[in-house]
């Protein structure tokens with residue numbers, strides 16, 4: 001049996017903590033509705049099988065509905081924020097004397113950083129809209145309920161678009177640096193057009209971005225079916241399918257966190273010869289050198305880089321020796 005490396009931190013458990021109660025709520029609702037004899041509630045206007053999630057949530061199970069949706073919403077926002085925290089080095093206030101610690105390989109450029117922030121903000125507001133769906137029940141506030149559903153769907157769509165785009169961008173950067181990349185001499189990321197890929201493009205970042213994009217494609221198709229089909233029974237089936245499909249996104253993110261946690265023991269991390277131009281990696285290597293010097297009770301003067309927020313084309317070079325002594329970019333063996 002293949003053995004998996006032990007994770008270096010427990011952040012990969014956060015997505016599971018977020019979505020398991022969500023699944024528990026969905027299963028409990030189905031069980032209760034079945035135990036009641038599949039009733040058609042007083043506020044419904046036609047026979048259907050199954051009923052919508054919000055129909056069950058408007059009954060005596062409303063406290064369960066509100067609390068579990070609030071938990072899942074908070075969990076999603078914290079999960080996306082956790083990626084930002086792990087890739088940022090943990091120094092959220094940018095304090096100059098605080099030693100940073102990267103729990104995942106850093107982003108390559110501030111575009112990826114901005115996409116994580118956007119995904120977090122959009123997701124947080126989308127989840128607030130979903131919470132409003134539970135508070136303004138379909139039985140008492142039907143039009144407000146539908147409006148909040150629409151807001152949730154739109155904001156979550158763009159949140160996942162930001163996440164998948166972030167991973168595609170990191171995959172394009174990593175493809176040029178990867179030890180297995182070929183024909184990349186003299187090729188710079190900024191010279192590539194947005195649709196061009198060079199180097200070892202089937203790496204873990206690209207695969208994760210593709211997984212999120214496929215997840216989103218199926219979610220969009222099923223969401224259209226949910227909203228466009230006039231038959232309530234069939235429409236409700238797609239709603240339940242989407243609700244359970246939502247948990248798959250958390251699993252994908254959990255895999256990202258697990259693979260990112262072991263980046264320093266990656267098969268290829270120490271083989272990358274240069275991260276020239278990637279300001280966060282300058283910070284990572286300087287931090288590692290400083291940590292080793294403290295362990296040996298020696299002092300090494302590490303001067304902060306002035307170019308931290310500069311564009312890719314004007315980064316500070318990292319020599320091969322310091323790169324090999326530390327660790328490189330994203331931390332699992334790429335595919």
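Glycine residues also receive a Cβ, built from the backbone N, Cα and C atoms like all the rest.
Here is what TrEMBL records for this protein:
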- 314-335: compositional bias 'Polar residues' (COMPBIAS)
- 11-259: domain 'CWH43-like N-terminal' (DOMAIN)
- 296-335: region 'Disordered' (REGION)
- 12-36: transmembrane segment (TRANSMEM)
- 64-85: transmembrane segment (TRANSMEM)
- 115-140: transmembrane segment (TRANSMEM)
- 146-169: transmembrane segment (TRANSMEM)
- 213-230: transmembrane segment (TRANSMEM)
- 242-259: transmembrane segment (TRANSMEM)
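Distant neighbours of the transmembrane segment (115-140): 41-43, 52, 54-55, 57-58, 62, 65-66, 69-70, 72-74, 76-77, 80-81, 83-84, 87, 107, 146, 148-149, 151-152, 154-156, 158-160, 162-163, 165-166, 169; these residues of the same chain sit at least 6 beyond its ends, with a Cβ under 8 Å from one of its Cβ atoms. Long-range contacts of the transmembrane segment (242-259) within its own chain (CB-CB distance under 8 A, at least 6 residues past either end) are made by residues 7, 11-16, 18-19, 22-23, 26, 53, 75-76, 79-80, 82-83, 86, 104, 160, 163, 167, 204, 208, 211-212, 215, 218-219, 222-223, 226, 330-332.
In this model, the domain 'CWH43-like N-terminal' (11-259) carries an average pLDDT of 92.
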